[in-house]
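*Asks:* According to TrEMBL, the protein has these features:
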- D300: active site, proton acceptor (ACT_SITE)
- G181, R244, G245, G269, D270, G271, T272: ATP binding site (BINDING)
- 1-50: region 'Disordered' (REGION)
- 541-561: region 'Disordered' (REGION)
- G271: site 'Important for substrate specificity' (SITE)
Amino acid sequence: MASSHIILPKEEEEEEKEAAAVAEAGLGVGVEADHDSPAQRPYQEQAPGKAALPFSATCVRISRDSYPNLRALRNASTMALHDDDAAFVKIEEGDFGYVLDDVPHLTDYLPDLPTFPNPLQDHPAYSTVKQYFVNADDTVPEKVVVQKNSPRGVHFRRAGPRQRVYFESEEVKACIVTCGGLCPGLNTVIRELVCGLSHMYNVSNVFGIQNGYKGFYSSNYLPMTPKSVNDIHKRGGTVLGTSRGGHDTKKIVDNIQDRGINQVYIIGGDGTQKGAYEIYKEIRRRGLHVAVAGIPKTIDNDIAVIDKSFGFDTAVEEAQRAINAAHVEASSAENGIGLVKLMGRYSGFIAMYATLASRDVDCCLIPESPFYLEGEGGLFEYIDRRLKENNHMVIVVAEGAGQDLIAQSIPAADQQDASGNKLLLDVGLWLTHKIKDYCKSKKMEMTIKYIDPTYMIRAIPSNASDNVYCTLLAHSAIHGAMAGYSFTVGMVNGRHAYIPFHRVTSTRNKVRITDRMWARLLSSTNQPSFLSQKDIDAAREADKAANAKNQSAPALANGEK
C-alpha cells in the first residue's frame, strides 16, 4: 500500500540532530513580520556549499501520544484516495489537534536540488519592506470559527515569497494556459503572471499555450513579454484562447519535457485542476525539475476550500444589469413578470448573491434548493399572491435549478460537453412556458419577459475588485512555483494559501440551504422555502456527515465554510 507521507514520531536524539541541522542550514529565516506569524527568527544566510535539507526536515513534530491516531489517519487517507493518489498526500500533525494538509515539493523526489537566493531581496520595490519573506512555518487555518476547546484543525501552507528559491531566473522557461469556459479576469491573471515573472524574478522566457490543453501539442508556443500583454486586462475573454477537453497527459508532458519548460501555470476550473494534478503526477514519475501552479477559475464560485474564485464579483455586479432590466419591464406592465436566468450549473452562488444585492427580486431558484410548481406552497401559488399584492414580480433562476422537473415533462438524452459536464435543458424557457400556461388556465392577463444574460456576464472585463484579486493570485502562484511547490492557489479565510490539488477537485462548493446566508435570502425576498421537513432533515444529515468526514480524515476535508 502506498505511503501517504504522514510524518511519524522520531526518537529524541534524532529530533535534536534534525533541529541542529535545521538551525545550521538557516531554514525559515528572513520572514515577513505579521500579526499572525510566530516569533521572528534572526536572518541567517545558508552556509556556502551546503545542500538544502529535504523538505521533510521542516515538518512539524507530533507527540508520541497521538501515534495511534496518526496511523489511523494515514490509513483512512490512503483508503479514501485512488491508489496512485495516496503517494502524493502530505499530512503533518502538531500539538492541540493541528493538521497541515501540505502541498508537494520538488525535493520530495529530487532531494539534492540546489537552492538560490531569492532575487526579491535585492529588488528596489521591496527595499522598504521590513521583512518580506514568509515564515517557513506560517500556515492558514481552513476554519476560523472555533470553540474554546476545539482542536486547531486543518491548515494550509501560507502563500508568499520564500528566502530560497529552486530556480535560477535565467534558467526559467514558464508557460501559461487557460482552459474551460470564459470568466472575467482571465486576461488580468495572464498579464500579471507575465509581468510578475519579469519584474519580480527577472524571468525573460514566458510562453503562452494557445487554445487550452490541446495547444501543448497542436499549436506553436506564443512568446509573451510585459509589453505584449500591457493592456490585455482591459478586454474580456482570454488572449490565449481556450477550449474544453483535449487533455492527453503523456503528450502534454512530452512537450513540456522536449521544450525545456520548468514552470507551468494552469488557469481553469475543477476539471482543469484535475488535469493539472495529472500533469504533476506524470512530471513526478519522470523525475522532472518542473513546478505546476494551478489558478482556479469558475464563474459559478463552486471551487472547494477557497473563499471565492476570481471573476465572481464581476459576474454578480453584471447580473444586476439584467435584474434591473427585468424589474423595469415587469413594473411597466400590468401583472408583469421579469424572469432572469443566471449561470450556476451545480451551485447557485451567482443567483443568490445577485438577489441579495438587488433587492428587486421576489423569488430566487437555485440547484441546491428543490422547488415545485403546483399545490399549496408552490411557485404558482406564490406568483398568484405576489401579482395580486404588487402587480409585478421578478424571478431569478440559476441554470441548474429545476432540472428534475424539466425531465418529467421533456424527455432528454443524457449528453455531455467536452469537459464531461451534463448538458442542461433551458430552465428559463421551460419556466416561462409553464407560467404562461398557468396564467392562461386562471384566465389571468399577464406579460412575461425572459432575459438570459449568461454569455454577456462571463465575457466582460473584470471589475476593480477582481483585478486586485487576480493580481494577488498571480503573484502568489509565482512565489510558490519559484520556491519549488506544486499546488492550487487560493484565498482561504482572507489569506492566500497553497492548497493540494486533490482538495479542490474531490468535491464542489455549494450553497448550504441550512446556512444563515440562504435564510437571509428567504427573508429578503419573502418567498416560500419550497422545502418539506424531509428535505430539511436530509440537508442537516448531509451537513453532519460532511463534518464527521472532515474530523476523521482532514486530508480529504471538503472545505465547506
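Each residue, glycine too, has its Cβ placed from N, Cα and C.
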*Asks:* What same-chain residues, at least 6 away in sequence, bring their CB to under 8 Å of the CB of G269 (ATP binding site)?
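*Replies:* In sequence order, C179, G180, G181, P296, K297, T298, I303 meet the Cβ cut-off.
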*Asks:* Determine the C-alpha span of the ATP site listed in the record, that is the greatest distance between any two of G181, R244, G245, G269, D270, G271, T272, in Å to the nearest whole number.
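*Replies:* Farthest Cα pair among residues binding ATP: 13 Å.
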*Asks:* Relative to the Cβ position of T272 (ATP binding site), how many further Cβ atoms are located within 10 Å?
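*Replies:* Around the Cβ of T272 (ATP binding site), 27 other Cβ atoms lie within 10 Å.
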*Asks:* Which of G181, G245, G271 has the fewest nearby Cβ atoms, counting only those within 10 Å, among these binding-site residues?
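*Replies:* Looking at the binding-site residues G181, G245, G271, the Cβ with the fewest others within 10 Å is that of G245.
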*Asks:* Nearest by CA distance to D300 (active site, proton acceptor): which of the binding-site residues is it, out of G245, D270, G271?
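*Replies:* Nearest in space to D300 (active site, proton acceptor), counting only the binding-site residues, is D270.
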*Asks:* Report, as a single number, how many Cβ atoms besides its own are within 10 Å of the Cβ of R244 (ATP binding site).
*Replies:* 20
*Asks:* Which residues of the same chain, at least 6 positions away in sequence, have a Cβ lying under 8 Å from the Cβ of D270 (ATP binding site)?
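*Replies:* D270 (ATP binding site) has long-range Cβ partners P296, T298, D302, I303, A304, V504, T505, R508.
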*Asks:* Let's check the environment of D300 (active site, proton acceptor): how many other CB atoms sit within 10 Å of its CB?
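*Replies:* Other Cβ atoms within 10 Å of D300 (active site, proton acceptor): 31.
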